[in-house]
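Quick notes on the structure that follows.
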Amino acid sequence: MMEPPQTRLMINVFIVSFLALLVNLVVGVLGADNYSRDDFPLDFVFGSGTSAYQVEGAANKDGRTPSIWDTFAYAGYAHGENGDVACDGYHKYKEDVQLMLETGLDAYRFSISWSRLLPNGRGPVNPKGLQYSNNLINELISNGIQPHATLYNFDLPQVLEDEYGGWISRDIIRDFTYYAEVEFREFGDRVLYWTTVNEPNVFALGGYDQGNSPPRRCSPPFCATNDTMGNSTYEPYLAVHHILLSHSSAARLYWRKYRDKQHGFVGISIYTFGIFPQTNTEKDRVASQRARDFFVGWIMEPLQYGDYPISMKTNAGERIPAFTNHESKQVKGSFDFIGVIHYTNLNVSDNSDALKNQLRDFTADMAANIFGEDLFSNEEYLITPWGLRQELNKFKLLYGNPPIFIHENGQRTASNSSLQDVDKGEILHGYIGSVLDALRDASNIKGYFRMAFPGFVRVARWIQVSFGLYYVDRDDPQLKKIPKLFCKNGTTGFLKGRRTSILDLFELEQDPITCSKSPIIFSKISKWVLASLLFLIQHKIKFMWREPLPGQIPLKLVMF
């Protein structure tokens with residue numbers, strides 16, 4: 001018996017509605033689905049990056065002196081690892097640049113070793129250190145790759161740490177400004193993008209509150225270690241205060257003496273999270289905003305408005321330094337761009353009871369419980385690109401829509417994991433799609449840097465984790481670099497103009513060797529939706545959508 005037309009119509013409407021809902025779900029979760037390099041502005045750059053200590057090696061050669069990273073590693077706090085060899089970028093920079101060229105990168109973000117360039121922290125320049133940085137920069141430019149240089153990435157010369165305590169002393173402002181001028185003078189004719197300090201918020205918390213990264217200062221009961229050197233209740237605030245003053249001193253020096261001749265830009269990078277309330281209660285919503293004040297506003301509010309967030313000043317009291325009127329004016333507006341570092345999201349609940357404690361550190365002052373990824377785990381991050389889009393929109397709304405580079409993003413895997421890294425492709429596809437969505441929201445994003453190139457040594461508690469586009473064979477005397485699957489078939493293809501979609505990732509996972517297309521059985525839309533559904537189920541992803549952006553479907557979907 002034939003079905004009545006009304007029944008068939010209702011069935012068709014249901015199928016179409018279901019498919020539309022699923023499409024909206026997947027695109028909302030993973031960001032823009034089908035896109036190519038051509039969908040981004042012409043001046044938008046795609047790059048990768050790393051840091052000097054994690055990639056250069058040659059730690060004891062050609063005049064370089066120890067940094068606080070060396071001291072940390074040699075003391076046994078890096079699970080037996082150190083940066084003595086790393087990826088041997090000091091000797092293999094030409095090979096690395098050729099790999100960048102083959103990958104299709106527009107830009108390379110790297111840091112310069114302070115103790116290699118200025119072995120005494122200040123004073124005479126080391127000719128060998130100068131030559132290495134010049135060689136790297138020239139090699140990049142000769143291959144059409146834009147250099148983005150970071151002045152400081154956790155590697156203060158140990159001599160300055162020994163002399164006056166490094167970042168907890170105001171003397172650092174003088175020495176950092178001197179160091180910055182050496183870099184501007186020597187390399188500024190070719191380097192246009194300068195990041196003064198990499199993720200000062202994370203550096204301060206790890207180095208001065210928990211003590212699990214250099215310079216390993218903390219005090220009980222807040223230490224993650226057995227050390228008792230330092231004071232966790234105020235040193236994180238003091239270190240960031242001096243970082244902000246050092247940054248602004250260097251930025252204004254550049255603007256005053258070099259910008260008109262070199263036409264470059266100075267910024268700073270910040271580690272961010274997508275921060276969402278654990279429940280819909282008023283207390284948790286307020287706590288999530290307070291957590292963002294502490295993580296991001298700690299750096300951005302002085303740069304944008306000249307002072308720390310009110311919540312920080314209220315909860316930390318006299319333990320957080322105050323800016324003088326002159327310092328406030330110097331710090332306010334002292335950036336041309338902001339580097340955003342983003343990997344994952346956090347959920348937050350209120351913990352105002354922590355404020356009753358007389359002895360408090362940064363975490364207690366924040367008065368919030370944090371739920372989310374274990375930053376020291378080998379487990380892969382959940383795929384949560386909507387958090388990045390939300391964060392980019394907050395920069396637009398709260399801080400005047402500054403020029404932004406995504407300075408770090410990527411997926412962590414065990415360092416000995418398979419080269420068939422389709423999971424990295426999934427997260428990269430989602431996050432680049434989220435950046436494209438944010439651009440369409442009118443966020444002022446200038447570039448996206450994947451972490452890391454080629455790979456790097458993680459000298460901290462998370463040593464077994466790799467973020468690299470290439471696998472570096474540490475057992476090979478030549479440190480052979482092998483491209484991972486998605487680098488070969490995803491990143492390179494996208495950067496060279498090929499369109500990418502979630503369907504490509506599904507097909508790549510089904511046939512990672514040939515990346516061949518499966519037979520066309522369904523219509524294009526049905527096949528795309530099927531791939532999307534299988535993608536969501538197969539990977540047992542847990543999505544929690546707490547504060548949807550306008551036009552998106554609010555939901556809480558927990559799968560397995």
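Cβ atoms here come from the backbone N, Cα and C positions, even for glycine.
Swiss-Prot records a disulfide bond between CYS223 and CYS218, which is the match among CYS87, CYS218. The CA atom of ASN347 (N-linked glycosylation site) is located 21 Å away from the CA atom of GLU199 (beta-D-glucoside binding site). Neighbour density for ASN34 (N-linked glycosylation site): within 10 A of its CB lie 14 other CB atoms from the protein chains shown. Cβ neighbour density within 10 Å is lowest for ASN226 among the recorded positions GLN54, ASN226, ASN231, ASN347.
With a 10 A radius on its CB, ASN198 (beta-D-glucoside binding site) counts 25 other CB atoms from all the protein chains.
Long-range C-beta contacts of GLU199 (beta-D-glucoside binding site), restricted to its own chain and to partners at least six residues apart, with a cutoff below 8 Å, comprise SER269, ILE270, TYR271, ILE341.
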